[in-house]
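S.K.: Handing you this structure, nothing more for now.
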Amino acid sequence: MSKSLPYSMKDVHYDNAKFRQRSVSQVVSQVLLTSNGKRDCLKCSTGKFLVLLMICGLAYLVLANKSAVHPVSSGMAKNDGSKEGENLPIHGSGRFRRFWRKPPRLPPRLSPDEIISRNRSIQESMKRKEPEWVARQQKVKDAFIHAWSGYKAYAMGYDELMPLSRRGVDGLGGLGATVIDALDTAMIMGADEVVYEAGSWIEKHLPGRIEGKGQVNLFETTIRVLGGLLSAYHLSGGDQGRIPEHKGPKPSVYLENARNLADRLLTAFTASPSDIPYSDVVLREKSAHPAPDGLSSTAEAATVQLEFNYLSYLTGDAKYSVEAMKVLQHIKTLPKVEGLVPIYINPQSGHFSGDNIRLGSRGDSYYEYLIKVWLQQKGTNFSYLYDMYVEAIKGVRHLLVRKSTPNGLVFVGELPYGKEGGFSPKMDHLVCFLPGTLALGATKGLTKERAMRENLLTFEDMENLKLAEDLAKTCIEMYSVTSSGLAPEIAYFNIEGDSEGGPNGGNKSSKYLNDIIIKPADRHSLLRPETVESLFVLYRITGDSKYREWGWQIFEAFEKYTK
């Protein structure tokens, strides 16, 4: 974002601002020219000085106001989802603060060559300075190879392996989700044999699967299969040609399959009467339909944009991005609760359904994609996404953040009946995406040290970074409080005046044993990645080694109890 652009556009409207500028200057001119008292004041040196000071101040305000205004005919106003001529609210204090805040700075994009060069540099540094972590890294890679070998032996080509019965099942439409989902991980790890096996399967079998399979979920297929193919294309060199380190087919194989799949997934958007896509697509028929209850999850509809945008970037065909971005542009126009949204939306009407607000299932990645799509797109036409993100995080802090008793863990609860209903101290493990997202939103991907050195962090950014660290602590305690060291699917928290009651996690040495309740129906672990992802982001941004240590603790619990 250019530094000449404002920090936020949501509180400013061009015509109103221009009118205010004219009105102020006209009133002051009239007062100075017609009032005898003011003429007398001008005769003394003190009066002249005060008038000069006032004129300079007015000039500054007018110029500052101009810098915060864009005409409605500009690209941003046309594309940010607001209607031309719409009156937007103005908050004086917020406007004043924006005079002093730099616009968010975006991190650079790295090419595959730059990623490989950076990873080599990190590896060499680790070998010299941190041999213990090199050994731990190898253990993680060994665990990946072990998991792949079991999948390859008993379920190759199926979506998932059932490890106890040693058979494959197609729970995600039958496109070989594990093959594609594992491929970019194998590339990053340098697991060349897995890259070759997975890439060869994709080249030989995936085109026929895309042509012949039936119903798939738009969201699941986009993030796992389409996203996996696009990641593989990027990490294998993309249009720069194949990078020698990676075996397997030419990168174009991944892109061709991604495009073929996306052309069919597009029917979820084009078949819907609103800008909200249907939830399900029948691949072989190129048709789409809503879920049985007629509703789409807000998170699912708003968590496909990164992938579709990137496909448009690679192919030069804007249709993928245009359809996907309509969702966020539409949601911008809908009423919200301090930036927060219900977890269901109706593709027939385009309106939210129900009052349930949460950052767990069906709500989570809506908030995550606001900041990530804004970072991806960079352009001023998408500044509305950053505004929506900022507003939503303020709503989270005000309405959903609480502290547990007796030991004060910071957590994010739910409003199952909306703002006017009661607060629920329930937190899904899925909510543990939020620490990483908050950190990313605060520094825009830069390290904390660099962002502070370059004076890029606002007070609000620092508050959000602190909240990110507090929530990461809570997420790791959801693991540590259990006797296995594995987190439950859902946790409840005791809060002042409302003790949930129920069984604890079982680890009697945990300080937070009486803060966290794990109900019988929630006492299972699905090996979800959200906490580990947040720890990764926080380690990279803050440089604090505790996040890496916490990640190792989780890995050891995985190895001990799930291998």
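Including glycine, each Cβ sits where the backbone N, Cα and C put it.
Okay, these came from TrEMBL:
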ACT_SITE  E220  active site, proton donor
ACT_SITE  D364  active site
DISULFID  C432-C475  disulfide bond
ACT_SITE  E489  active site, proton donor
ACT_SITE  E530  active site
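Can you tell me where each of these features sits in the structure?
M.R.: Listed in sequence order, A299, D428, L430, V431, F433 are the same-chain residues at least 6 apart in sequence whose CB falls under 8 Å from the CB of D364 (active site).
Within the same chain, residues at least six positions away from C475 (disulfide bond) with a Cβ under 8 Å of its Cβ are H429, C432, P435, A487, E530, T531, S534.
Residue density at E489 (active site, proton donor): 18 other Cβ atoms are found within 10 A of its Cβ, drawing on all protein chains shown.
All protein chains considered, the CB of E530 (active site) has 22 other CB atoms within 10 Å.
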S.K.: Non-local Cβ contacts of E220 (active site, proton donor) (under 8 Å, 6 or more apart, same chain)?
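M.R.: The list for E220 (active site, proton donor) reads L172, G173, A177, given in order along the sequence.
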